[in-house]
Amino acid sequence: MTFSPTLQQLCGIALIVIGAVSLVKLEELREISDEYNIVAPSILLIVFGSVVFVISFFGCCGAIRESYCMTSTYSFFLILLVIAQIVIAVLVFVFVGDVTTAIKKGFERVFENRDNPVNADLVNSIQQNLQCCGKRSFLDYGVASFPQSCCSSGGTAPLCVPFASGCLSRLSEFLDSAGNIVAWVSLGVAAVELVGLISACCLANAIRNQQRRSGY
């Protein structure tokens with residue numbers, strides 16, 4: 001039965017990696033709107049991944065030592081983690097549309113106030129990272145007046161070729177993609193943990209029955 005906790009360790013590592021990558025990608029967008037904490041799911045994935053990795057040792061030790069107590073503890077924590085990850089996935093699916101709308105409104109507000117150097121830097125950074133220009137196209141800057149961050153190829157603005165996509169559409173695509181990845185990874189790992197939970201419960205029951213027969 002040691003294969004199950006080992007698989008849980010791999011799932012824990014996967015959660016930590018996915019959470020960390022999505023956290024880095026979303027961190028910048030948090031400055032656009034404070035209506036939603038868009039990095040919360042990523043932080044929770046990292047936390048859950050760390051917890052999964054740690055408690056998997058209970059499963060390993062419980063299986064090796066045939067300890068009913070450790071195996072039951074492992075099962076209890078797995079139940080909590082499965083429920084929590086399902087809740088996270090559902091919340092992401094439910095609120096990703098609202099979050100996307102809030103971020104797009106925030107970007108429009110920041111874009112309109114780009115005379116502020118802080119806003120200008122934020123807009124330039126988003127345009128470079130998402131490979132977009134303006135709200136809907138480079139024409140939002142006026143004729144041939146877009147910044148260097150809009151350039152899709154070599155050259156100096158405004159003599160370069162600008163990105164074809166506007167940032168509002170690219171933000172929608174990025175947030176939908178990020179939300180789906182976080183939600184489906186959470187559900188996938190929860191499914192694996194559910195298999196581990198069933199295995200752990202069966203093992204705990206077998207250990208208890210063996211102890212009863214042995215007179216412990």
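Glycine too: its Cβ is placed from the backbone N, Cα and C atoms.
The Cβ of C132 (disulfide bond) has I126, F163, S165, G166, C167, S169, R170, L171 as same-chain neighbours under 8 Å, each 6 or more residues away in sequence. Per TrEMBL, disulfide bond is recorded for C132-C167 (among others).
All chains included, 21 other C-beta atoms sit within 10 angstroms of the C-beta of C151 (disulfide bond). Sequence annotations record features per position, and here TrEMBL assigns disulfide bond to C133-C151 (among others).
Taken from TrEMBL, the feature transmembrane segment covers 42-64 (among others). The list of residues near the transmembrane segment (42-64) in space but at least 6 beyond its ends in sequence, with Cβ under 8 angstroms from a Cβ of it, reads 1-2, 4-6, 8-9, 11-20, 22-23, 26, 70-74, 77-78, 81, 84-85, 88, 182, 185-186, 189, 193, 196, 200, 203-204.
Marked as transmembrane segment by TrEMBL: 76-96 (among others).
Feature annotation from TrEMBL assigns transmembrane segment to 181-207 (among others). Listed as Cβ neighbours of the transmembrane segment (181-207) (distance under 8 Å, sequence separation of 6 or more from its ends, same chain) are residues 1, 4-5, 7-8, 11, 14-15, 18-19, 22, 41-42, 45, 52, 59, 62-63, 66-68, 71-72, 74-75, 78-79, 81-82, 85-86, 88-89, 92-93, 96.
Annotation for C133 (disulfide bond): same-chain Cβ neighbours under 8 Å, separated by at least 6 residues, are Q127, D140, Y141, F146, S149, C150, P162, F163, A164, S165, G166, C167. C167 (disulfide bond) counts 27 other C-beta atoms within 10 Å of its own C-beta, drawing on all protein chains shown.
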